[in-house]
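Inspection log for the structure reproduced underneath, given as structure tokens.
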Amino acid sequence: MARKTDIPPSYYGEPRKFDPGFRGPIHNRGCTDVVCCVVFVIFILGYIALGTVAWIHGDPRKVVYPTDSHGQFCGQQGTPNANKAILFYFNILQCANPAVLINLQCPTTQLCVSKCPDRFATYLDMQYNYRYNKSYWEYYRQFCKPGFDNPRKSVAQVLRDEDCPSMIVPSRPFLQRCFPDFITRNGTLTVANKTVFKDGLGKTRSVIDLRDAANRVTAMQQGVESGITSLLDAKEVGMKIFEDYANSWYWILIGLVITMVVSLAFILLLRFTAGVLLWLIIFGVIAVVGYGIWHCYWEFSTLRGKPHGDGDVTISDIGFQTDFRVYLQLSQTWLIFMICLSVIEAVIIIILIFLRRRVRIAIALLKEGSRAIGYIMSTLFYPIITFVLLAICIAYWAVTAVFLASSGDAVYKVMSTPDKCVYANLTCDPETFSQTNVTKVCPGSQCTFAFYGGESLYHRYIFVLQLCNLLVFLWLVNFTIALGQCTLAGAFASYYWALRKPQDIPSCPLFSSFSRAVRYHTGSLAFGSLILAVVQMFRIVLEYLDHKLKGAHNAFARFLICCLKCCFWCLEHFIKFMNRNAYIMIAIYGKNFCTSAKDAFFLLMRNVVRVAVLDKVTDFLLFLGKVLISGSVGVLAFFFFTRKIPVIQEEVPSLNYYWVPLLTVIFGSYLIAHGFFNVYAMCVDTLFLCFCEDLERNDGSPLKPFYMSPQLHRILRREQGSKLYAAS
């Protein structure tokens with residue numbers, strides 16, 4: 001009767017034939033997926049050409065600097081506007097016309113100034129006061145056209161020739177443009193403590209009119225019609241957040257360094273005390289979550305017990321608040337926290353109860369992984385290479401996108417104060433505008449800058465080029481990640497298939513694996529990356545369509561988009577899983593992508609129970625490790641930034657929002673721990689596939705010895721023994 005360790009029959013696919021001389025990753029291999037490699041190189045060259053063309057036609061100054069009515073940049077060095085970095089609207093009230101959002105043009109003269117006005121004034125007031133004090137004109141002329149020096153000119157002529165604004169209002173710069181300085185006092189919107197003002201033509205206007213006009217300009221610049229008041233509030237919050245970062249960056253950096261040291265020490269300790277540490281992780285996470293439940297209950301009970309406190313106030317009663325500490329004074333907040341933590345605690349305990357036997361096997365697999373990393377320490381620093389390559393890809397994509405977005409020539413349109421002018425909003429040439437009859441038909445009209453664009457073939461297809469830029473960017477990012485996975489897999493496979501460890505481990509396994517991946521398998525990695533990039537591109541398009549349909553009333557269309565988003569999300573994660581295992585097979589056997597993906601799929605299907613339990617339990621334990629490290633550092637940061645550590649209370653910086661550095665430390669800690677544990681996860685996945693291959697290739701006899709460690713072999717025998725006992 002065949003032993004349990006014999007090669008099992010192939011339930012999925014044809015029976016495989018094994019090379020009896022196999023001793024780990026094959027060195028004598030050939031190039032795979034050459035056609036895809038050639039296509040990949042051509043796309044890279046095309047991407048470089050796209051960036052070059054965008055660099056030639058684009059001008060980032062169009063994004064950085066605002067543009068006045070004559071098409072000149074505000075604040076650009078080496079120009080007359082070098083010291084005038086802010087755009088000023090002569091009559092912002094004219095921007096309240098809804099046509100502003102259609103024509104992307106505010107029908108008023110726009111001028112570059114060095115500072116925004118800080119008081120209410122009109123041209124008529126200036127003329128009246130000029131007779132007694134010349135300083136009134138000196139201040140007002142800052143907001144007139146350069147070269148205009150005739151304060152006695154009638155207001156009708158000034159407005160006709162657009163020499164000076166008819167009025168100025170207290171403003172402050174926002175998005176490098178002068179917007180009225182809105183302040184809400186006792187629920188009333190004011191500007192310089194006024195709710196009404198004179199518009200320069202003798203009419204009394206409301207501050208609400210200014211707000212509506214500012215909303216139109218903001219919508220024109222940002223593409224959304226959001227309120228200027230909320231935007232200014234957001235700017236104020238942003239400034240406070242920036243101040244918090246400026247005051248606490250040193251301590252944030254210290255927290256991230258502590259995370260890096262703890263993560264590295266944790267992985268090294270796993271080599272010797274994997275079992276103890278992992279059980280400590282499990283019970284540590286349970287204890288931390290349990291303490292959180294108790295603390296939330298204590299806070300909830302305390303707030304509920306206050307006779308005249310905030311126990312009965314709900315989150316919906318107070319609405320959105322920028323100071324999150326307000327929510328911590330509500331009992332409902334702590335009740336929500338307690339329920340969430342209780343659910344998390346219950347899920348963790350249930351998983352551990354049902355998978356307690358498999359946890360021991362996963363611990364052995366992690367021990368083996370820690371030994372592999374201990375022998376190949378250079379793998380822990382490979383994520384730095386991946387990070388540098390990803391940074392280059394992101395930077396190139398961002399720069400190319402900016403240059404593409406800023407491609408185009410200045411487009412000028414006829415701006416006319418009378419709304420019924422037949423030439424209004426038509427394109428014009430500022431150099432020949434004075435020679436046309438437009439000024440005769442529409443007195444006071446001007447040829448002013450509107451936006452950047454063009455009618456050439458290049459300008460018509462800028463949107464398509466942006467999509468190409470995004471697709472190639474996704475391709476390069478996925479290729480970079482695939483290269484890292486294949487490189488690490490080859491290094492760890494060299495460890496597993498060494499019969500005598502560490503004597504038979506080849507020298508420089510990481511560098512050798514990287515060289516094989518780049519030299520022989522660039523096409524295969526590009527093939528798998530392209531499939532994933534296309535799926536991600538579809539997901540982005542679906543997200544864009546979903547965003548556009550949010551305000552629509554077509555329920556069926558929204559339901560269809562939601563279903564497609566769900567399907568493509570599942571497809572993306574399945575492809576990521578298959579690609580990861582395909583790259584491991586490529587690193588070991590050197591076959592093309594499709595063959596490697598097929599072999600990996602059938603191998604996993606033949607070991608579906610182990611895949612579903614061992615591999616996922618290992619992922620779960622590694623996730624708990626990330627949570628424990630980031631959570632521990634987060635708790636330490638919380639006590640530090642809230643001044644609850646008496647020894648170093650004086651060192652805590654003054655903060656507007658303590659949650660700004662706290663969330664930064666927690667998020668950064670998780671990313672750092674994720675980077676270290678990703679190497680560990682790749683090691684475990686590689687060893688797991690090698691483990692399954694080892695079981696199919698060998699039977700433990702002297703002629704076909706197992707390459708797995710004695711510890712894994714003993715656990716395997718226990719598992720087989722328990723199965724035989726259960727079968728009997």
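Backbone N, Cα and C define each Cβ position, glycine as well.
Any TrEMBL annotation is an automated prediction that lacks curation.
Per TrEMBL, these features apply:
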| type | residues | note |
| --- | --- | --- |
| TRANSMEM | 34-56 | transmembrane segment |
| TRANSMEM | 249-269 | transmembrane segment |
| TRANSMEM | 276-294 | transmembrane segment |
| TRANSMEM | 334-355 | transmembrane segment |
| TRANSMEM | 375-399 | transmembrane segment |
| TRANSMEM | 472-497 | transmembrane segment |
| TRANSMEM | 518-535 | transmembrane segment |
| TRANSMEM | 555-575 | transmembrane segment |
| TRANSMEM | 620-641 | transmembrane segment |
| TRANSMEM | 657-677 | transmembrane segment |
Checklist entry - Near the transmembrane segment (276-294), which same-chain residues lie under 8 Å Cβ to Cβ, leaving out any that are not at least 6 residues past its ends? => result 266, 269-270, 337-338, 341-342, 344-345, 348-349, 352, 359, 363, 366, 621, 624-625, 627-628, 631, 635
Next on the checklist: Under 8 angstroms for C-beta pairs, at least 3 of them, ignoring pairs fewer than 6 apart in sequence. Is the transmembrane segment (657-677) in contact with the transmembrane segment (249-269) by that rule?
Outcome noted: yes
Next on the checklist: Test of understanding: applying the rule of at least three C-beta pairs under 8 Å (pairs 6 or more apart in sequence), is the transmembrane segment (334-355) touching the transmembrane segment (34-56)?
Outcome noted: no
Checklist entry - Among 249-269, 334-355, 518-535, which stretch has the highest count of C-beta pairs below 8 Å with the transmembrane segment (472-497)? => result 518-535
Next on the checklist: As a test: from 249-269, 334-355, 518-535, 555-575, pick the stretch that has the greatest number of Cβ pairs under 8 Å with the transmembrane segment (620-641).
Outcome noted: 249-269
